[in-house]
Amino acid sequence: MKRFFKPIEKEGSAKKPSLSPSKNGAENGDALPEVDVKKEPLKFLTWNANSLLLRVKSNWPEFSNFVSNLDPDVIAIQEVRMPAAGSKGAPKKPGELKDDTSPSREEKQILMRALSSPPFGNYHVWWALADTKYAGTALLVKKCLRPLKVSFSLDGTVSKHEPDGRVILAEFETLRILNTYAPNNGWKDEENSFQRRRKWDKRLLEFVVQSSDKPLIWCGDLNVSHEDIDVSHPEFFSAAKMNGYVPPNKEDCGQPGFTLAERKRFGAILKEGRLVDAYRYLHKEKDMECGFSWSGNPIGKYRGKRMRIDYFIVSEKLKERVAECEIHGKGIELEGFYGSDHCPVSLQLSEGCKEDK
């Protein structure tokens, strides 16, 4: 989600041991430590960290305690904002953290220590990173779970990464998990942001239709609020403008993430992909206290203006197994946001029948 906070200060970064596919290696046959192996994950967490390194520096004890108590099998993170490995002018390695300069090595060490400490030391980590401190995603999977394959693009190519590290796709025996950080729609078509988002939505639609052979859990910051019930103030967001600019097409007007064009395309993805919004499946009514995952700046015109743009979307064949789907932040003071402008969202599945497995 495009922010209304003041610009982020100089960020640091660092990482956990570079457990990217080449080193986590479920898909290339690398040996992993002996642990009791589970067939499928049942509990999931997604969170737009709005710079993982800043969260490690400022909010890690609280977030670590939250994760310890929730004990998810899979953690999907967006807006990692850590640069990919590779020196200036050289090809980048989007599955590894940058460490070729003194500052980048220090940042990597900070993140490594945080992700090696409890409870995160119980997880393998895969990265999809941009060339700079922008966007990026991470996927943490408990060591007792063994993905059959981890890839980083919507076409399922292991070696290929989406631009800006916006996709991580993990395939298990019984289901797939797709972690995405959708590009913001932006305010002006002239800046090509509308076109970028249209292409993204088109590719997502193609992906979900072509991936129907196995149940899907799609999570992350999807940068769209589907219905009026998914925003705190529909009229405010529908009428929002940037510097008075009004797009020529009225369906592109309004707050990015709440334009009619984006909402229609999102609805088409759900319908054509036979997908269900897990939170709305369980929570039919609007919840002004706990029903939104993004909150505007507590100071200024966006105070109290909130949106639900972080999701768990599941295949219809999984919907009867959706036991819980909760948004863990509340109120306009960002309680439970752990320093980000997004709060964590969790999903709990019930055990599947033997026939499902």
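Count begins at 1; order follows the chain as displayed.
Glycine too: its Cβ is placed from the backbone N, Cα and C atoms.
Neighbour count (other Cβ atoms within 10 Å of the Cβ, all protein chains): 26 for TYR181 (active site). Annotated active site per TrEMBL: TYR181, in sequence order.
Positions annotated as active site, proton donor/acceptor by TrEMBL: ASP221.
The active site, proton acceptor annotation in TrEMBL covers HIS342.
Per TrEMBL, Mg(2+) binding site is recorded for ASN48, GLU79, ASP221, ASN223, ASP341, HIS342. Here the Cβ of ASN223 (Mg(2+) binding site) has 25 other Cβ atoms within 10 Å, regardless of which shown protein chain they belong to.
Per TrEMBL, the feature compositional bias 'Basic and acidic residues' maps to 1-14 (among others).
Look at TrEMBL and you will find 93-106 (among others) tagged as compositional bias 'Basic and acidic residues'.
For 45-342, the entry in TrEMBL reads domain 'Endonuclease/exonuclease/phosphatase'. The average pLDDT computed over the domain 'Endonuclease/exonuclease/phosphatase' (45-342) stands at 95.
Per TrEMBL, region 'Disordered' is recorded for 1-33 (among others).
Per TrEMBL, region 'Disordered' is recorded for 85-106 (among others).
As annotated by TrEMBL, site 'Transition state stabilizer' applies to ASN223.
Non-local neighbourhood of ASP310 (site 'Important for catalytic activity'): THR46, TRP47, ASN48, CYS219, GLY220, ASP221, LEU222, SER293, TRP294, ILE327, HIS342, CYS343, VAL345, each in the same chain, at least six residues away, with C-beta under 8 Å from its C-beta. TrEMBL lists ASP310 with the feature site 'Important for catalytic activity'.
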Set of same-chain residues at least 6 away whose C-beta sits under 8 angstroms from GLU79 (Mg(2+) binding site): ASN48, ALA49, ASN50, SER51, LEU52, ALA135, GLY136, TYR181, ASP221, SER340
